[in-house]
Amino acid sequence: MEFECQRGTKIGLEDCSIDCVDYPCREKVDTSFIEPSKNPKSFIFGFEKQKSLWRLDGKGGSLSLKCEELLAVNEVLPDCRSITDLPPALISEILNCLEPKELGVVSCVNVSLYRLASEHHVWKEFYCERWGQPILLSPLGAEHADEKSWKELFVEREFRSKTFMGRYSIDTLYGHTEAVRTVSVLSSKKLLFTSGYDQIVRMWDLEEGLSIASSRPLGCTIRAVAADSRLLIAGGTDGFIHGWRAEDGNPHLFDLRSPQNQNMEFRVWEHEGPITCLALDLNKMYSGSWDMSIRVWDRSSLKCLKVLMHNDWVWSLAPHDTTVASAAGSDLYVWDTNIGSELATVTNVHAGNAFSLARSHTGKLLFTGGEDGAIRMFEISRNDKFHLRRVATWIPHSGAVYSLAFEFPWLVSASSDGKLSLIDVRKLLRTNRSYVMEKPSKVDNRAKNVEPPQRMLHGFGSNLFAVDVGLDRIVCAGEEGIVRIWNFSEALEVEQRVRALRGLRLENRMRRRKLQSEMTGKGSRADQCSVAAKKNQLNGDRNSWRNKRRVTGKLKA
């Protein structure tokens, strides 16, 4: 409910000594600050938010205020008629509480608010909490980044996130001779890494779909690969981690073809079982194994820092900051990597093993995929202790979900039924920056939250083992030994052309309206002149008829 003073409306204040029982005051209060604003662009303050300052009398419509509060407001905000009259620091705090869509609406009010809303620092927070730091793919580098504001970067990335519902093309990569178990996309360098039962790590150009290099056979099946701009690691079923360091001056970062070089290549052993999952962050490496442990490694010294023991085989892990989430058996865990303690546990997440795990960039959302074909979404809350709350459940597959990949707002899953499902999680999130979900209902979430995904991609054989997302592309591979890239960049180009045409049409429409209004204004003046001439002519005819009648009357007399 909103309260707005219409033009011509007068609000009278009675003596405070009559209405203020709890706060007696005998002085008259200056009411100039609540006079109706003459500025049509001024903001309307919500009545509910202002209850503490005033209330309307249901009988006479008079306004009763607490005198002390009224005087305090007068002292702090003298002659404040709209939000633009507030101090800039206070306006910044108000804008800081808004969502992207609301901030865009505010920027349409007037020029000053447009400037404040467009240049506000909160756009950087909006972007980074969804996608992290922007990846500079253009050769212009930092200079190009300076040309775009954080608002423009956010709007562009939000626009790109809609392309997964558009047109696509499929690139097929051949090279592996056996099933492919893992894929990893390095978006910042437009590279793709794959490996599997043929024991070879292959590097591909993600945009061109061409093979760049392949390693020598590493001696066992490779079930996990992870890469960033400084390090590439692969985990084998023999329990080792084989790694390559990036070379300066190499456009493809890693030299996989050269013979083993101790300076640029390494191998570490400590796991007692096959390695099933790997991950990297700025300072650490993470590895999970069927020996029921996760090991945390120092990247520079390659020493094991912590060992996190589970009760079953570790299938997947997802680190964030000082925590790491893991799926072992049918259970879900969250660990503190600094002290090696268990923070939260959810048992029996799936009917069977929880094969896959994905995590949002903020670390607050977890997604699990299991042997039962279900995908579950959890929220991590931190009060006095960590708590995992199940938010939603989907059952899009008829087989086990072997792999998950998440890039806001899309969750992509690969299953043994040979299908990919695309789920937009924005519908489950309140549009606030803290990603707080709807309050849980007393109704069973299993029955309430089951819904079909937004899109299903078909055309594979059985058993898709791996999937990853990056650069408007979805990469998947499986038992066939073929890597497929679903390229949605064409949809982005089509949408950009449609957007440009829509803007051109809007510009032409506004131009026509302006010309029409100008012609209407000229036409109205001409019509007014013609109407006045007709009136004068009619009046003249009437006067001449009356004069003739008078003359004839005089002649008869």
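Every residue number used here counts from 1 along the chain in the order it is shown.
Note: Cβ is positioned from N, Cα and C throughout, glycine not excepted.
Per TrEMBL, compositional bias 'Basic residues' is recorded for 545-557.
Here TrEMBL flags 80-126 as domain 'F-box'. Residue counts of the domain 'F-box' (80-126) by helix, strand and coil are 32 helix, 0 strand, 15 coil (DSSP-based).
Annotation comment: TrEMBL describes 515-557 as region 'Disordered'.
The feature repeat 'WD' is assigned by TrEMBL to 173-214 (among others). Confidence over the repeat 'WD' (173-214), given as mean pLDDT on the 0 to 100 scale, stands at 94.
Tertiary neighbourhood of the repeat 'WD' (268-307): same-chain residues 221, 223-228, 231, 233-241, 243, 313-319, 324, 326, 328, 335, 337, 340, selected by CB-CB distance under 8 Å and a gap of 6+ residues from either end. If you look up TrEMBL, you'll see 268-307 (among others) marked as repeat 'WD'.
Per TrEMBL, repeat 'WD' is recorded for 347-388 (among others). Note on the repeat 'WD' (347-388): DSSP counts are 0 helix, 20 strand, 22 coil.
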Long-range Cβ neighbours of the repeat 'WD' (347-388) (under 8 Å; 6 or more residues past either end): 129-132, 313, 315-318, 320-321, 323, 325-332, 334, 394-406, 408, 411, 413, 415, 417, 421, 423, 425, 428, 435, 437
